[in-house]
């Protein structure tokens, strides 16, 4: 329960942070889709731990293994199973915390719900669960690219209180990957890295904001009422670890505008295609994509695991002073960028198949 997402393009993840492996099963991917296996690995490398001085020092190769559903670099139309084996588990880091509820972790709520939790590493609540999502998202990206030349780009817009202004019309993948914090503004990126290092040296952590743009979006994706496109995007992105907020288009800033300021006037584009003069709606109106770029933002809280002393209790109610020893990111945002892209890709691939299935018979 709770480990699957999507209707037609369905993604189910499995595994724990300190178990033997983590993985994913993708169902519903159309057959005969040519798959670039290297691109799956490239996406996993982007979220891999130990990739820079501002990420967790845990060392994992995160090499993907394709178990089924792809042969000779083509999808078969059957379930695609992929796993990544865990290599650098250190359960000893958690031995002293076995019965202790770490502040703002899932330990307490998992205990309240199940009466038991994984003995080390956070179990299903660990960010290693997202390996399966990123692998599935890499396939969804290739599907969207083939059908519509759709491009999904995410980047770090804000770290703590340091924010970058980004021109979403000109930003490219190389700009995002040009530094370890994945902020396309080079000057601001340096300040962000310094801030993460300062906070980390103090044994603390920080959060921030990731922004995402989707270009060449097919019009008509999304369903009325309960399956609105932004509703599914919100569910997908808010299911990522450490997320605390979501907005699309003008978002909360739009609440300060009047209707005359916020409305996106319709204009005729090339070949008389319906366009909008502005894009406060963020490419979605009435829960359905209008063909304009989809623009969204996701807020991430500070990493819950910090080295500072914190007060908590154990399973017997005894007061404990805790200073975590596990290996964790002082800021999750640089590695969360491919996670955001993956979940957006999965949602759009699912809605693309739903749209084609319902509205393309004649």
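In case you wondered, yes, glycine gets a Cβ from its N, Cα and C as well.
Among 133, 273, 275, 327, only 327 appears in Swiss-Prot as part of the FMN site alongside 124, 125, 126, 286, 301, 302, 303, 304, 305. Rounded to the nearest whole angstrom, the C-alpha distance between residue 126 (FMN binding site) and residue 47 (NADP(+) binding site) is 13. Rounded to a whole number, the distance between the Cα atoms of residue 47 (NADP(+) binding site) and residue 124 (FMN binding site) is 17 Å. The most densely surrounded of the binding-site residues 47, 124, 301 is 47 (count of other Cβ atoms within 10 A of its Cβ). Fewest other C-beta atoms within 10 angstroms, among the binding-site residues 126, 303, 305, are seen around 305.
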